[in-house]
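J.: Attaching a single structure in structure tokens format; questions to follow.
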Amino acid sequence: MEADDDFYSGTENYSDYADSDEDDADGEYEFVDDAADDSDDLIFRRRQQNYSVLSEADICKLQEDDISRISTVLSISRNSSAILLRHYNWCVSRVHDEWFADEEKVRDAVGLLEKPVVDFPTDGELDCGICFETFLSDKLHAAACGHPFCDSCWEGYITTAINDGPGCLTLRCPDPSCRAAVGQDMINLLAPDKDKQKYTSYFVRSYVEDNRKTKWCPAPGCDYAVNFVVGSGNYDVNCRCCYSFCWNCAEEAHRPVDCDTVSKWVLKNSAESENMNWILANSKPCPKCKRPIEKNQGCMHITCTPPCKFEFCWLCLGAWTEHGEKTGGFYACNRYEAAKQDGIYDETEKRREMAKNSLERYTHYYERWATNQSSRQKALLDLKKMQTDDIEKLSDIQCQPESQLKFIIEAWLQIVECRRVLKWTYAYGFYIPDQEHGKRVFFEYLQGEAESGLERLHQCAEKELLPYLDAKGPSEDFNEFRTKLAGLTSVTKNYFENLVRALENGLSDVNSHDAYDRTSSSKSLGGKTKGSSSKASSSDSSHWPCEYCTYVNPRSTTICQMCEHGR
């Protein structure tokens, strides 16, 4: 079974994929117009229907829209509207429900008074309620309650609250017996400029941190937030900073693996369990002090490190003073061999062998997981370089507008995405139960095909593009390269999307035993025949197995749902 034949047939027409890919391009990618943020160098980003990425300006606009809506509907000031929305976590519908159900209760809860508690005269002299000094009325201010305090005391009170953190957003009157709210209008009037900025920052952040539909991007240094349609199924989010993460668990994006598996895998990578496995597999405890010792030389004579300094035989762990010619020499131990034949060391050796096998298995999956991660990071750097430097250079050399070269950016975006998916398939494979051997074999087959296809795309985008970047002028075969790369991008994208769906469904639609039998037989025979396919399909009238990838499809379909080859 040739990998090329499995990923796409020898008669595949790349131009068909290129045409369809260009037709779909406007639906999948859009230009990012971010003139307000010069640090955002992305040319394209994927358009997702279940979330939107928000800058600080976007958040402020959403806040203003919500405040205006509440102010209009409830006929209250914008300042009071902001206090209400903050109290109800920026949920407009909840504000409406609570307000119209019991306005008096809501006012009492948030500190919105209908009339002052005390009269505040506009002229004359008054005593400050904090420092008890006497001031002219124009040197004192009060919240809606009317309790007067001098400007200096207000400033100290507000500054202390702001320096204490976001709790300043629920600031109340300094009078201990009063619960009147102190809104942003008072902050802007009385606080120093630096405190105003800090308060505004807390206010903007509250829209994200108190809103269950909005989260900050977890990437270090990123100031974007994401507004998500909860319940949309796919939790993967791509921020404008190029970081992809899972909305549900806030780890990096990890489809097709679920959040629980990711949690276990990340914990396993950082836990001491694999250290213990390595110790069990590669060391033995000193018979005296029990410290683990790794044997790094050929002699069986082991001396423990100070202060223990116990000398013992590596094979039987007996004292070295009891060894010599009578035990078979210094490089053998007939005492150990005899004990092993009697079964004394069976359990210890079995435990060590199990630890070694477990470690080797984990290492196999982890190394490939980490390799794809590093490949993805390199692809991200190549993508950025392509966007900032190479596209403009290629446009000049090939005399084509940059808009006609976006197929290259799309190829690199697909490579980055596929590297991420492929990375997490190794975590998926690690947790496939041992008893599901057929499913494991079929999974490894699909994974191998995915790797093969991705390598072809990566090779084309990375290596085959170089001659066109180094050319002195327009290349006659550049359009052929465009067709090939666009075709590879489309085919790879389709395969990986189908792979993700299949793995997320737990390969539930796949007849594992049939997949294993067909894969094994095709490998042994060096190919596949239509006769074997008809036999397999005749055993189940409601499904048919694909000759290329062995996926079992419903009888009603004529194209394989996994690899998209015809029936």
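Glycine residues also receive a Cβ, built from the backbone N, Cα and C atoms like all the rest.
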J.: Tell me which range among 128-178, 383-433 Swiss-Prot lists as zinc finger.
T.: 128-178
J.: Which stretch, out of 1-27, 55-81, is listed as region 'Disordered' by Swiss-Prot?
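T.: Checking Swiss-Prot against the ranges 1-27, 55-81, the region 'Disordered' one is 1-27.
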J.: Zinc finger per Swiss-Prot: which of the ranges 344-371, 484-511, 540-567 is that?
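T.: Per Swiss-Prot, the stretch marked zinc finger is 540-567.
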J.: If I take the Cα of CYS289 (Zn(2+) 5 binding site) as reference, which of the binding-site residues CYS128, CYS145, CYS217, HIS323 has the closest Cα?
T.: HIS323
J.: Using Cβ-Cβ distances, find the residues under 8 Å from CYS217 (Zn(2+) 3 binding site) that belong to the same chain and are at least 6 apart in sequence, listing them in sequence order.
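T.: Listed in sequence order: VAL53, TYR224, ALA225, VAL226, VAL237, CYS239, CYS241, TYR243, PHE245.
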J.: DSSP secondary structure for CYS259 (Zn(2+) 4 binding site), reduced to helix/strand/coil, please.
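T.: In the DSSP reduction, CYS259 (Zn(2+) 4 binding site) maps to helix.
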J.: If you count Cβ atoms within 10 Å of the Cβ of CYS153 (Zn(2+) 1 binding site), leaving out that atom itself, what do you get?
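T.: Taking every protein chain into account, the count is 21.
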J.: Rounded to the nearest Å, what's the C-alpha distance separating HIS147 (Zn(2+) 2 binding site) and CYS249 (Zn(2+) 4 binding site)? Just drop the number here, would you?
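T.: Each residue's Cα considered, HIS147 (Zn(2+) 2 binding site) and CYS249 (Zn(2+) 4 binding site) end up 47 Å apart.
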J.: Within the zinc finger (128-178) only, compute the mean pLDDT.
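T.: When the pLDDT values over the zinc finger (128-178) are averaged, the result is 91.
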